[in-house]
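Student: Here it is: the structure, laid out below.
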């Protein structure tokens, strides 16, 4: 039998959200506002923590790095999505699609590991407050940050290593606004049952286990707060509550997408928007609105900028 000739697709067509021109313009303006807010909010956190010496603590060091990840994470999908709103045909090259998958999972995986590091930071702060600065020293903080990035890199490489050998000979239509593993895998011209199982294990099952472990960790921390004084307990409880909100905002949509990733649902795009576009914008708002120290530091930074201009 002669081998069947297959042509590898050179690009994918993204269906996006709507084919109506008026709605496309409205969505462009809406998501442009969201993206600009995301950039400004996360940059504000990074600048404030960098220039305010009162925030040079392990918790804010980690928060600054999380803001950097959020900024980069939104940049993986949002600029391409905004450009596509202005074009009738939305395409992405095969290489661009693979690059988007790599950086999407690098930063997404890094976020998951970062949230774990921040949970550990809060545990040390509550359980051993007198030794907190000694334990969470600069060397350990930098090591934990590097470990989070390495964890995200390993997770991303695994995703890419499973997809790159696959043949894509058509169709090439992705029912989404960006490239991700579940949608791309459906287009492969071969049986992907084993890969689907591996992807669910690497993403879906891992996300569920990690989410439960983080919830248990914060429950333990909140229980430990009972032994603290009123003011310190309220401040620590507020910080932990903020972390739980952020963890839930990130993990719940991911569980929805990656636990049943190869069966398309009507809500897939809306859920994808929630954690690829909305969460990076909401994170800095949540951390600043519930954090008196951060708000005070931003006011000091604003006053300094006004004085410098005068």
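Just so it is clear, glycine is given a Cβ too, placed from its N, Cα and C backbone atoms.
The disulfide bond annotation in Swiss-Prot covers 97-189 and is backed by sequence analysis. Positions annotated as N-linked glycosylation site by Swiss-Prot: 5. What Swiss-Prot records for 1-25, 80-100, 159-195, 259-269 is topological domain 'Extracellular', and it gives sequence analysis as the kind of evidence. Feature annotation from Swiss-Prot assigns topological domain 'Cytoplasmic' to 50-57, 121-139, 220-235, 290-310. Feature annotation from Swiss-Prot assigns transmembrane segment to 26-49, 58-79, 101-120, 140-158, 196-219, 236-258, 270-289; the stated evidence is sequence analysis.
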Student: Run the contact check on the transmembrane segment (270-289) against the transmembrane segment (140-158): 3 or more C-beta pairs under 8 Å, excluding pairs closer than 6 in sequence.
Tutor: no
Student: In sequence order, what residues of the same chain, 6+ apart, have a Cβ less than 8 Å from the Cβ of residue 97 (disulfide bond)?
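Tutor: The answer is 12, 179, 184.
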Student: Tell me, how many other CB atoms lie within 10 A of the CB of residue 189 (disulfide bond), whichever protein chain they belong to?
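Tutor: Step by step: centre on the Cβ of residue 189 (disulfide bond), count other Cβ atoms within 10 Å, giving 16.
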Student: Cβ under 8 Å, sequence separation of at least 6 from the ends of the topological domain 'Cytoplasmic' (121-139): give me the contacting residues as numbers and ranges.
Tutor: 57-59, 62, 217-218, 220-221, 224-225, 228, 236, 239-240, 243
Student: I need to check the long-range neighbours of the topological domain 'Cytoplasmic' (50-57): which residues 6 or more away from its ends have a CB within less than 8 Å of a CB in the stretch?
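Tutor: Residues packing against the topological domain 'Cytoplasmic' (50-57) from afar: 64, 133, 293-294, 297, 300-301.
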Student: Can you tell me which parts of the same chain pack against the transmembrane segment (101-120), counting only residues 6+ beyond its ends and a CB-CB cutoff under 8 A?
Tutor: 59, 62-63, 65-66, 69-70, 72-73, 76-77, 144-145, 147-149, 151-157, 159-160, 163, 178-181, 184, 207, 210, 213-214, 217-218, 221, 243, 246-247, 250-251, 254, 276
Student: State the non-local partners of the topological domain 'Cytoplasmic' (220-235) in its own chain: residues 6+ outside its ends, Cβ under 8 Å from one of its Cβ atoms.
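Tutor: For the topological domain 'Cytoplasmic' (220-235), the far contacts come to 119, 122-123, 126-127.
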